[in-house]
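One structure below.
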Amino acid sequence: MLHAANVVYLYGGHVTSWKNDHGEELLFVSSKAMFKPPKAIRGGIPICFPQFGSHGSLEQHGFARNKFWSIDTDPPPFPTTSSNKAFVDLILKPTEEDMKTWPHSYEFRLRVTLGPGGDLMLTSRIRNTNTDGKPFTFTFAYHTYFSVSDISEVRVEGLETIDYLDNLQNRERFTEQGDAITFEAEVDKIYVSTPTKIAILDHEKKRTFVLRKDGLPDAVVWNPWDKKAKAMPDFGDDEYKHMLCVEAAVVEKPITLKPGEEWRGRQELSAVPSSYCSGQLDPQRVLQGS
Ligand SMILES: O=P(O)(O)OC[C@H]1O[C@@H](O)[C@H](O)[C@@H](O)[C@@H]1O
């Protein structure tokens, strides 16, 4: 399915492409990615639901990224619907077979919107449709793979002084230093209760990605670096240099929905020239801008 500069796969409800006005791809997708079951597509924006990571009884990052979604032809109204935006609505519901692994009935509606300025918005609405009166609990992430020129030239701003759970140290809790984050080794951290706006500055490309999120308190930052890259069959040995995952997420405090209740989580991405944060990469300016 194509929407201007935007490609969405029904497999995984997965956005695999987002381009700017110059036709440059802004999302990373591995040259070794497979676009069919059983593995999720390596790159783009996998949806992690109902389990982020390996903590829990389900497969790593849950099953939503490995299912075929459908077009939602009659989505309930969105309060923010505006006529000058291109969007597509997808829906995921469990089959009887699925309910053997996760015994809950739900409707997961995903709206992917391309704004007039080229911004990419993803809104998830998850409703508990259990008829047995039971609540369910989940964790969630938009596992966004940003395309970057050279990881060693990238910095992330907005997570300074924030607490994180280190996935490389059994989710032990630490506090990030006062400086913007830079990369020189494997990183796999779950920042908890972060600001709603995070900036990813690509120095070489003179490009800044701005991620805004709502309903998603946490943010995961992941780069596998060289050793783990080599161990991943669907990822090139050197590709870690050209990607960074910054993932709007709900991990530390899972969401519980009673029957009839709905949760909403929204992520908005924009890509702007780095001159946007002139005054040279001053975090306050990036974070207070627009
Ligand atoms: O290989 P997967 O299942 O797509 O996961 C990739 C990575 O995803 C990140 O979100 C996790 O924090 C990492 O621990 C994990 O390695």
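Just so it is clear, glycine is given a Cβ too, placed from its N, Cα and C backbone atoms.
What you see is a predicted model, and the numbers here were worked out from it, not measured in a lab.
Around the Cβ of H143 (active site), the number of neighbouring Cβ atoms within 10 Å comes to 23. If you look up TrEMBL, you'll see H143 (among others) marked as active site.
Taken from TrEMBL, the feature active site covers E247 (among others). Within the same chain, residues at least six positions away from E247 (active site) with a Cβ under 8 Å of its Cβ are C48, A141, Y142, H143, T144, A219, V220, V221, W222.
Look at TrEMBL and you will find R42, Q60, R65 tagged as substrate binding site. Less than 8 angstroms from the CB of R65 (substrate binding site) sit G12, G13, H14, A40, I41, P46, I47, C48, F49, H143, each of them six or more residues away in the same chain.
For ligand 1, the neighbouring binding-site residues among R42, Q60, R65 are Q60, by Cβ distance under 6 Å. Neighbour count (other Cβ atoms within 10 Å of the Cβ, all protein chains): 13 for Q60 (substrate binding site).
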